[in-house]
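*Asks:* Below: one structure in structure tokens.
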Amino acid sequence: GGCRAPLPAWWGLLRGLLLAVLAAVSCQGNSVERKIYIPLNKTAPCVRLLNATHQIGCQSSISGDTGVIHVVEKEEDLNWVLADGPHPPYMILLDGNLFNRRVMLQLKGTSRVSGLAVAIAKPSPPQGFSPGLKCPNDGFGVYSKDYGPQFAHCNKTVWNPVGSGLSYEDFDFPIFLLEDANETQVIKQCYQDHNVPRDGSGPEYPLCAMQLFSHMHAVTSTVTCMRRSSLQSTFSINPEVVCDPLLDYNVWSTLQPINSSGKVDPEKEVIIVATRIDSHSFFWNIAPGAESAVSSFVTHLAAAEALHKVSDVHLLQRNIMFTFFQGETFDYIGSSRMVYDMEKDKFPLRLDNIHSFVELNQVALRNDSILWMHTDPVSRMNESVEVQVRNLLHILSNSSMGASVTLQEAGYSQPLPPSSFQRFLRVRHIPGVVLTDHKTAFQNRYYQSMYDTPENIRMQYPEGLSPEETLEYVTDTAKSLAEVATVVARALYRLAGGANNTSAIQADPKTVSRMLYGFLIKMNNSWFQSIIKPDIKGILGDVPQHYVAVSSPVNTTYLVQYVLANLTGTVVNLTKEECLNPEKTPSSEKEMYEYAWVQGSLDPNSTSRVPYCVRSTVHLSKALSPAFELRQWGSTEYSTWTESRWKEIRARIFLVASKELEIITLVVGIAILIFSLLATYFINAKADVLFSIPRDPGAVAY
Amino acid sequence: PALGLFLFTIARDPLRIIILIAGAFFWLVSLLLSSLIWFIAVKASDPRDEPLQKGLLIFGVMFSVLLQEAFRFLYYKLLRKAIEGLVALSEDGCSPISIQQMAYVAGVGFGLMSGAFSMINLLADALGPGTVGIHGDSQLYFLTSAFMTMVLIFLHTFWGILFFHGCEHRRWWEIMAVVVMHLTVSGSTFCNPLYVGSLVPSYLLMAAAAAWAYLLSGGSAQNLRRFLLCK
């Protein structure tokens, strides 16, 4: 090679440029890490929730919990984990059918289990599965030792007999749900290759292991974690909040517009129609809630649409308020907040304005098309309330004439099922009725669980349909819910003082089936995309879940708001500027209406949409438990549910080596170190012996 | 071993430390350049074509070896110039360090940097709870990587001595021998996970290079015998 001059000056610049280029391009992930770990991506953790006195859920150590995988598919496999296995602690891969209270309490009691991964059971367990309580929201409804003690604590009727209460237990190891059957198969294959005992003796290293990270920051109870969070927020520059209250927004809308910033005249009477829009399951953000939430609010939306089409709406004597409560699963967060706001005059309506209350709860699984009407027997002992309730029941029964829905009374001996109406009854004896498909215990055998899916409400689509066709296909479930909506709409019309013939009031099954598809199967469909604001179209994820989270509003609330606006509002001819700033337009009546600029549907041949302005009476009201407003974190009167914060949640599988191999590696390394130090020292010391020529290289200093 | 060499032979003399660090840096720059070429080649090609990717990897490795040796040559040229400067600065007209010592230190520098790059990311992943093997690789991955790194550090040291000696005395066949040895050792790693195919030849080559460097540095068989017996 030729002689080169010392490095030229521009070489430094080139080096800097090279480094910048290399830093800017993305790294593909360390390949050694990929040799060791297989990450599990489609999982859902179980997180910690806290209320005034307890913590529920699961916790892992701060650097994850590791354990040797053991697949438990029948009860006998548990013995290996609990007693026989030679390599505790174990990480169990549990078949969904074994995920019940008995097995879980056994695992809770032992220290040989470091975590659990549950594979979702397909098909759903036939005997039913509900991790909720047998008596949901007990203690926060209306029945207590002071009011109807014979009905308190489900003494008379156990509403959820399948309920195991698993969601409300506290586990000190992490529990994850494996949603993807392929990942479950990978884990089982790893187990088969490495962990299965051969010839009666234990399996040999290397063993297949799993690590789960789900460290939760909050402990003990809401009182403790909110106290710590408030201390942090007050005194620290970089506050570390440890838990957040569950909060979201209620959606409400009135048939005749009212001034939402003022107060309604005390003479004006309002009928409240209510449903809940949230659900829960053992795992975080898994809450399909088909029967427990979606069926009822979809019916409610269809009834609202049917009523708005009636011509003499503005002539009705009483107004109707369609209310969608969020957070009802957690001790009635939304409804308790609305009652509190009404009492404290922070809501346009007051409790005096309420004429009656109709609630829809779980209406999809009707037996012989019977819909049951539940009333509160304690308040009916008052004569005036009894008269109004009788009237209400009579109107409801009349409205079902000619429809294929039969309405029957549940009777005096039955208390009210868990419902938002109970919160209103706590403060005022309002005449009201709760409509359900069950007389005593729930028909829903998967109440508040991950199996409360469209299959649970018998929604079936024929094979081979495209997403658009599936959106438009009218299922039998949709038809039956539309019938319920028709009956409810007709009854409300009569209740509100309408005098005309009600046979024209019909709920549209097509709308119902589109809503069912959107809220249960695929949120990201063309109809939903056309009715939402342009800048939130990123929120439409894949599988819809209806959990009231801590960041608000959640997808469900947004969509209920915009669907209600679409079904009950009118399209007005305003430009985007006018629509987004209605106070500047003189005739907009900003207090009465809400204006929303929605992106419109896609032109069939182009990629652009035609947006328009919708005027509706749909409003949001905050659904945060009054306990947090009043800072009474130990309150037994209002819901105090909070969710813990966490840093990272992930899961991965890998092989672990035996302790012997690790020790050998370490010892060999130390031995080579010591030997080389000694050898170098001696060579250095005797260098003049080794290298005889004076002009020598290597280890000698002159 | 690298730590031992550093502690006992290099750490005392600041000039040697400077040469060591500079040598390490030269190796690093050569690696950067060769990885840039390989990266561009990979991005420009189809990632799903397995034989092509393997071929690109082999090409990348060979190119990297050639580039490393080229940088060793560059460093030799630099050090030659440096010796003239040192002679000018010294009081008695002799350089405080000879070119052979520089050769040894440069080799250790190259070896240290190459070893660090080979081992650091492995060590970072070895800290986790898992070990290699879930995709079917051998469990002895970490051990064999450690041994391979050690042999490479030694080899770089001996190649430094051989290479500079060849440049000094204009013996091009010595330089060619170093390049060929380096190519052989790097190529043998493609035999992995058949570890016997890569470790055994590398250790044999290391022994050969060690003997050759020892002879070039003024050792001989009698010296060796005297050293071992006088112990």
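Here the Cβ of each residue, glycine as well, is placed from N, Cα and C on the backbone.
TrEMBL labels come from automatic prediction, so no person has curated them.
Straight out of TrEMBL:
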TRANSMEM  B:17-41  transmembrane segment
TRANSMEM  B:56-75  transmembrane segment
TRANSMEM  B:102-120  transmembrane segment
TRANSMEM  B:140-163  transmembrane segment
TRANSMEM  B:175-196  transmembrane segment
TRANSMEM  B:202-221  transmembrane segment
*Asks:* Under 8 angstroms for C-beta pairs, at least 3 of them, ignoring pairs fewer than 6 apart in sequence. Is the transmembrane segment (B:102-120) in contact with the transmembrane segment (B:17-41) by that rule?
*Replies:* yes
*Asks:* Counting only CB pairs under 8 A, let me know which of B:17-41, B:56-75, B:202-221 has the most with the transmembrane segment (B:175-196).
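*Replies:* Looking at each of B:17-41, B:56-75, B:202-221 in turn, the most contacts to the transmembrane segment (B:175-196) are made by B:56-75.
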*Asks:* Going along the chain, which residues at least six beyond the ends of the transmembrane segment (B:56-75) come within the CB cut-off of under 8 Å?
*Replies:* 22-23, 26-27, 29-31, 33-35, 37-38, 41-42, 45, 106, 110, 159-160, 163, 167, 175, 178-179, 182-183, 186-187, 189-190
*Asks:* Who are the chain neighbours of the transmembrane segment (B:202-221) in space, where the CB to CB distance is under 8 Å and they lie at least 6 residues beyond its ends?
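*Replies:* Hits for the transmembrane segment (B:202-221): 100, 148, 151-152, 154-155, 157-159, 161-162, 165, 181, 184-185, 188.
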